[in-house]
Amino acid sequence: MPEHLPRRQVLRTAGALGLGAAAAGALTGPAEAAGTPDRLATMGAHHGKLEIGKAPFGTTPDGKKVDVYTFSNGRMTISMLTWGATIQRVETPDRRGRVKNISLGFDNLPDYAALSPYFGSTIGRYGNRIAKGKFSIDGNSYQIPLNNGENALHGGTLGFDKKVWSAKIVQSAKAVGVAFTYVSPDGEMGFPGELTSTVTYTLDRDDNLRIEYHATVKGKPTIVNLTNHVYFNLGGEGSGPIDGHVLQLNAPKYTPVDATLIPTGEIAPVAGTPFDFTKPTAIGARLRGDHPQLVVGRGYDHNFVLGGKTGADGLRFAARFWEPEDGRTITVHTSEPGAQFYSGNFLDGTFRGIGDRAYRQGDAFAFETQHFPDSPNQPNFPSTVLRPGQTYRSTTVYNFGTK
Ligand code: GLA
């Protein structure tokens, strides 16, 4: 597509300036002419330099400026937007050292605003579905706008993924990244209480992307369930189906859903079903079977209940993904009780991503660490209520490796 050519040229030019592919990505989009990042901080150089840069990415229709931050540990590079506190690119080497972007996304703001199915987005105020968008706290009823058939999904029509977050660079001797903050007013999308959320994304020298969520509410109790909806393809974004990725999940149970993907309330064992990933198994091995839950989900689109207890650091092993051909791995640890494993079922090829290739069904997976969907209406699920004076905290660590 000819209109994509200039963007690629910009990528090459920025690469030639020694900014690296991901930093070059930071220069793409409507504001690409703006040039070099206005800040480049370097912090020591043991196994590679910790660096971070910032560049303009575009302007929203209502005039808000959006920036892209690009941070690197010398081996891998991550770009994030202030739009939706979005992970735009994740560049990692494979087992032979070939670097590719493994995260689905776009190179321009209009595509994010118009098309993105939550690519890399920070999701709030409530990740996943709330049945009919209704819930109550202390006898007061609330209604979230419906945006997924008869249900509310990912915080309603204008969730945190569509907000411009403020950003602050975070750096230490060990890690570099960005703390994003968004203040959601009382009543926004129907949710009670003014919620201040800060989500800090840092990359360390050991290839850990650590995501720390923090939120407090003023005025009224509310519900909170923050997550990130990054889509990965460990063979490179746009490289085809993820059926061959091998998955190991620390999840002895999952929460089956009804036809609208709302949990039935049952917490079911995975044993003997296609939901059993307790031993490493290819994602595609049972994906096209006739299990009724795979039929309603059009694949995997389910909350898994994580097993065991959290360790001294408050985290537990949740999942390991491995792409055998190029050898990339992602290992996830989290403080959350569950995770939505989504096999990219609703990608349908209608739009092209950052590498100018169409994303089709099953071309990526998402692994959204979280409390269970529809918890506000499910008395047997862990509570997602946050009251004034309390602090919501959640941590998820993605480790990127090769095998
Ligand atoms: C979550 C949902 C899926 C889908 C994606 C976004 O993973 O569970 O059903 O809506 O978000 O497309």
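Just so you know, the numbers here start at 1 and follow the chain as drawn.
Backbone N, Cα and C define each Cβ position, glycine as well.
The structure displayed is predicted, hence computed values, not measured ones.
Among the features that TrEMBL reports, signal peptide is placed at 1-33.
Around the Cβ of Asp301 (beta-D-galactose binding site), the number of neighbouring Cβ atoms within 10 Å comes to 21. Residues annotated as beta-D-galactose binding site in TrEMBL: Asn128, Arg129, His229, Val230, Tyr231, Asp301.
Packing around His229 (beta-D-galactose binding site) is summarised by its Cβ count: 24 other Cβ atoms lie within 10 angstroms of its Cβ, all protein chains included. Marked as active site, proton donor by TrEMBL: His229.
Annotation source TrEMBL lists active site, proton acceptor at Glu368. Non-local neighbourhood of Glu368 (active site, proton acceptor): Ile123, Gly127, Asn128, Thr227, Asn228, His229, Ala339, Gln340, Tyr342, each in the same chain, at least six residues away, with C-beta under 8 Å from its C-beta.
Summarising the environment of Arg129 (beta-D-galactose binding site), the number of other Cβ atoms within 10 Å of its Cβ, over all protein chains shown, is 25. In the three-state DSSP reading, Val230 (beta-D-galactose binding site) counts as coil. Listed in sequence order, the binding-site residues among Arg129, Val230, Tyr231, Asp301 whose CB lies under 6 angstroms from an atom of ligand 1 come out as Asp301.
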